[in-house]
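Trainee: Here's a structure for you.
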Amino acid sequence: MDWGTELWDQFEVIERHTQWGLDLLDRYVKFVKERTEVEQAYAKQLRNLVKKYLPKRPAKDDPESKFSQQQSFLQILQEVNDFAGQRELVAENLSVHVCLELAKYSQEMKQERKMHFQEGRRAQQQLESGFKQLENSKRKFERDCREAEKAAQNAERLDQDINATKADVEKAKQQAHLRSHMAEESKNEYAAQLQRFNRDQAHFYFSQMPQIFDKLQDMDERRATHLGAGYGLLSEAELQVLPIITKCLEGMKVAAAAVDSKNDSQVLIELHKSGFARPGDVEFEDFSQPMNRAPSDSSLGTPSDGRPELRGPARSRAKRWPFGKKNKTVVTEDFSHLPPEQQRKRLQQQLEERNRELQKEVDQREALKKMKDVYEKTPQMGDPASLEPQIAETLNNIERLKLEVQKYEAWLAEAESRVLSNRGDSLSRHTRPPDPPASAPPDSSSSSNSGSQENKESSEEPPLEEGQDTPIYTEFDEDFEEESASPIGHCVAIYQFEGSSEGTISMAEGEDLSLMEEDKGDGWTRVRRKQGGEGYVPTSYLRVTLN
């Protein structure tokens, strides 16, 4: 069934329907355009949200970036940012493949529809013009017939009138004959015009207009098909980005699962443990004895001016509470203002940076020397003397960096010794496994511990009179947790080690040892010898097997 056959007399209906179809196409284009604006605004808001919550400092300068919680949050922000990019891609695809293409197609359809209806109206005007000509010829034929009849009646009347002259009668007969001839010509013209109109009318209704209506039907069906495809593109644009959006959502799930509370606790310890030894017991000061007794490091003395003087542990009493408010400290080049463990880490970082710079300068010097050799062999390539200032500059930099490396190595060795000393003091003050073997090397006596601790405090901390009431603790040290009595693994000494520092233990190459505590990140592992005795040895000297 087609429009040309079934709707041959519904020209206005077809005209309204095709206009409605084009209006629907334009409405859909407008809808998709506003949809793209929504997607673009959504993506922009998501990107602004991500930008708002991104850290202001670079990751290398932000200690919080070491925590899995922060890393997972940054990963989620990245996934949301990628999700926003997919929304922008949806908006772009809709704008290009729907809005632009359908808008262009709508203009083409409007031109085609206009052309078809102009053709139909021309055919209609031609048919109406033929009908008017038919009506004119018909009226002319009717008029000529009446005139011929009048002329015949007038001639017959004059012929019967005896008073009429012969000339009048002949003139009347000639007029009647002329009118009759004109009527006959009008009749023939009317018949020809009628035949022509019927032919044109049949062509109009059975051929010309059906073809135009069929073209309009084809145009409208193509428009509907194209519009249906545009409807599909709305969902296709979503389906194209759905796999990536799914990956973004899966990435968020992975980031959520990557939060490791235990590891974050370990990271916090590594970032902030001080390496200081925990304070020993406060000694009893007997004030019941006469005040003129000899002053000691653990009691109150009476100086010559009569004022009591703080001595010994009393001087560092303000430093015992680890949660006290910190005073502002002066930053020093050797990081001595930091706790021992943090000082060691910062010195290691500085030493690694200086070594990298030194290697870079050495490589640059080698490259300049090779270039100088090339210039000497091929003078046209350049003047060898022009490289002398650069070579001299690299030599100066190398010497300067070597001195800095030596300086930081010395500071690092001193800091590591300090850390080991503090660890040994801490180990000696806390619970040991019951009944250690008699052959275990002694850690240190209480007197030496107290003496070294007092000396360390007096040498490293300024006196109270200078206003430097800086607590020696920043965080709890994980190394001072109560030790377990049973081994957690087995290890074999790869190299010989002489434990000369406090808290360390000697071992022979190939010796079997019991693993008592894993490396906490400082390069030392606590072991127990089969012959008896526990202490720390370098982790790199061991081959470890956990239980």
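Keep in mind that glycine also has a Cβ here, set from the backbone N, Cα and C atoms.
Whatever TrEMBL says is automated annotation, not expert-curated.
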Trainee: Check each of the ranges 68-87, 168-187, 208-227, 508-527 against TrEMBL and return the one annotated as region 'Disordered'.
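Mentor: TrEMBL lists region 'Disordered' for residues 168-187.
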Trainee: Examine the ranges 109-151, 281-323, 324-366 and name the one recorded by TrEMBL as region 'Disordered'.
Mentor: 281-323
Trainee: List, by number or range, the same-chain residues at least 6 past the region 'Disordered' (168-187) whose CB is under 8 A from its CB atoms?
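Mentor: That would be 137, 140-141, 143-145, 147-148, 150-152, 154-155, 158-159.
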Trainee: As a test of reading the model: what is the averaged pLDDT for the coiled coil (341-418)?
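Mentor: Reported value for the coiled coil (341-418) is a mean pLDDT of 86.
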